[in-house]
Amino acid sequence: MDPSVLSSHELTTFHSPPNEDQATISSRAKNIAPTDNDDKNDTRSDVAFQSPASKDREKNLAQIDGGFFAWRYIFLSFLVEGYVWGIPLSFGVFLDYPPYSEMTSTMAAIIGTLCTGILYCVGSFVLSLMENFPKSALYLPTIGTLVCSASFLAASYSTNAWHLLLCQGIMYGIGGALLYYPALFFLSEWWVVRRGLAGSIMFAGTSVFGLILPPVLDWSLKKYGTPMTLRGLGAAFFIGMAPILPFFRGRLPVSVRRRAPPAPTRKYLKRPIFWAFNCLNLLQSLSFFVPTLYMPTYATSIGSPGGIVLGLFAGSSIIGQIVTGGLSDHYDLSWIIGVTSVASSVSIFVLWGHSEGFAMLAAFAIVYGISAGGFSCLWQRFAMIIAPSEANSGSLVVYFATSRGIANVLTGPIAGALLQNSPSTKAGYKSLVYYSGSLMILCTLGVSMKGLYRIIRN
């Protein structure tokens with residue numbers, strides 16, 4: 001057998017069920033893994049067709065779904081997630097200090113929005129680069145680290161708003177994407193059956209860093225000013241990422257990945273289930289970003305500390321991400337979507353909609369963080385359902401990130417229009433509650449995904 005075919009077979013053996021009929025919407029571990037009969041068939045196939053070199057390569061591969069190297073990779077990806085996403089999500093801290101405080105509110109907001117928008121939306125381009133040039137995945141994280149560090153250094157010497165827009169917005173967004181998306185690409189090589197839990201631990205990095213960075217940045221800005229803080233941030237980024245880059249690798253050797261055919265992810269874009277999941281993701285994201293964007297300002301308007309409320313949300317999101325991702329490995333995915341959507345919508349209408357003091361708003365931040373904060377941890381399971389027999393099905397996650405990025409960009413103008421067209425500030429926030437809560441209720445339609453999947457399969 002041709003070596004490229006052997007490599008492709010090895011990918012399928014270690015990463016996916018041997019046929020698509022074995023993956024169901026429930027995403028249970030027992031349905032994702034091959035059955036006993038299939039294991040026997042695969043064993044016979046390996047014995048009959050694998051060359052000695054292929055067998056040796058298979059034995060030398062690190063353990064999947066556990067073991068030191070798999071858990072080490074999760075820790076490294078957790079750090080990458082935290083550094084790349086935690087910094088832009090803490091951007092609001094800069095707005096109270098010059099030169100950001102001297103800009104128009106629109107220009108200052110665009111810097112942070114553009115950065116996160118690029119991070120979300122360019123994933124498909126990075127994926128295409130890695131699919132066509134597999135070896136590039138080994139170098140992109142290093143390039144991304146250098147670009148991100150340089151962006152902060154350059155921003156510290158900026159004298160105009162457009163300089164910050166270019167450095168802290170565009171430059172950091174591109175560099176962060178080059179560092180971040182290889183982490184998602186390699187995740188599907190290390191974790192399959194427990195990929196939901198693995199992804200949730202990785203995504204929790206954003207919440208952990210989002211909880212720690214704001215007070216640290218605020219302290220630094222007060223004591224040292226913006227230029228020195230930006231230079232320190234650039235140095236901290238490089239010092240934090242550079243030591244882990246030599247260990248930031250996939251499970252498969254480069255030689256195997258080079259000979260294996262590129263993952264045909266684009267063929268799955270034609271499947272109705274792909275667009276159903278993407279529409280659900282877009283809907284949830286349009287709702288999700290509204291409370292996270294206006295929670296601090298609403299807290300200030302009722303005399304409550306916005307920073308503490310945002311911290312409670314970030315902390316509870318860690319719980320939501322780990323719990324949601326872990327449950328997706330064992331329970332019906334459609335019901336997880338339904339339950340979390342109902343809990344999120346109730347918290348928006350009842351807790352946020354009727355909060356007039358710190359206690360109820362804090363309760364909203366905690367409940368909303370647990371129920372809505374872990375939705376992105378389901379992306380890995382979405383990908384496995386869409387492409388159950390694909391070795392690198394996790395690469396489909398970038399398309400969900402893109403739709404979330406589109407929602408992130410649209411949320412600002414939509415929410416701003418709702419506030420401006422309201423007769424009072426209080427009425428404006430009520431409009432946000434109705435808008436966000438109603439969209440979240442529509443997300444409960446995710447329960448019907450199981451039936452849709454069965455119809456499509458038949």
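Cβ from N, Cα, C; glycine included.
Predicted automatically and left uncurated, TrEMBL annotations should be read as such.
Straight from TrEMBL, the features:
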type	residues	note
COMPBIAS	1-29	compositional bias 'Polar residues'
REGION	1-54	region 'Disordered'
TRANSMEM	73-95	transmembrane segment
TRANSMEM	107-130	transmembrane segment
TRANSMEM	137-155	transmembrane segment
TRANSMEM	161-184	transmembrane segment
TRANSMEM	196-213	transmembrane segment
TRANSMEM	233-252	transmembrane segment
TRANSMEM	273-294	transmembrane segment
TRANSMEM	306-326	transmembrane segment
TRANSMEM	333-352	transmembrane segment
TRANSMEM	358-384	transmembrane segment
TRANSMEM	396-420	transmembrane segment
TRANSMEM	432-453	transmembrane segment
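Remote same-chain partners of the transmembrane segment (137-155), defined as residues 6 or more beyond its termini with a Cβ less than 8 Å from a stretch Cβ, comprise 80, 84, 126, 129-130, 163-164, 167-168, 171-172, 174-183, 185-186, 230-231, 233-235, 237-238, 241-242, 245, 248-250, 254, 257. Cβ atoms under 8 Å from those of the transmembrane segment (273-294) belong to residues 313, 337, 341, 344, 348, 352, 364, 368, 372, 375, 379, 382, 385-386, 396, 399-400, 403-404, 406-408, 410-412, 414-415, 429, 432, 435-437, 439-440, 442-443, 445-446, 449, 452-453, 456 of the same chain, restricted to positions at least 6 beyond its ends. Here the listed stretches are 73-95, 233-252, 306-326, 333-352, 396-420, and the one with the most C-beta pairs under 8 angstroms to the transmembrane segment (358-384) is 306-326. Annotation: stretch 107-130 has the most Cβ pairs under 8 Å to the transmembrane segment (396-420), among 73-95, 107-130, 233-252, 306-326, 333-352.
Counted as Cβ pairs under 8 Å, contacts with the transmembrane segment (233-252) are highest for 73-95 among 73-95, 196-213, 306-326. Looking at 73-95, 107-130, 306-326, 333-352, the range that has the most CB pairs within less than 8 A of the transmembrane segment (196-213) turns out to be 73-95. If you look at the transmembrane segment (73-95), the same-chain residues 6 or more away from its ends with a CB under 8 A from one of its CBs are 101, 108, 111-112, 115-116, 119, 141, 148, 168, 172-173, 176, 179-180, 183, 186-187, 190-191, 198, 201-206, 208-210, 212-214, 217-218, 221, 226, 233, 237, 240-241, 244, 247-248, 251, 296. Within the same chain, residues 84-85, 88-89, 91-92, 95, 100-101, 136-137, 140, 161, 164-165, 168-170, 172-174, 176-178, 180-182, 184-185, 265, 395, 397-399, 401-402, 404-406, 408-409, 412 sit at least 6 positions outside the transmembrane segment (107-130) and bring their C-beta atoms closer than 8 Å to a C-beta of that stretch.
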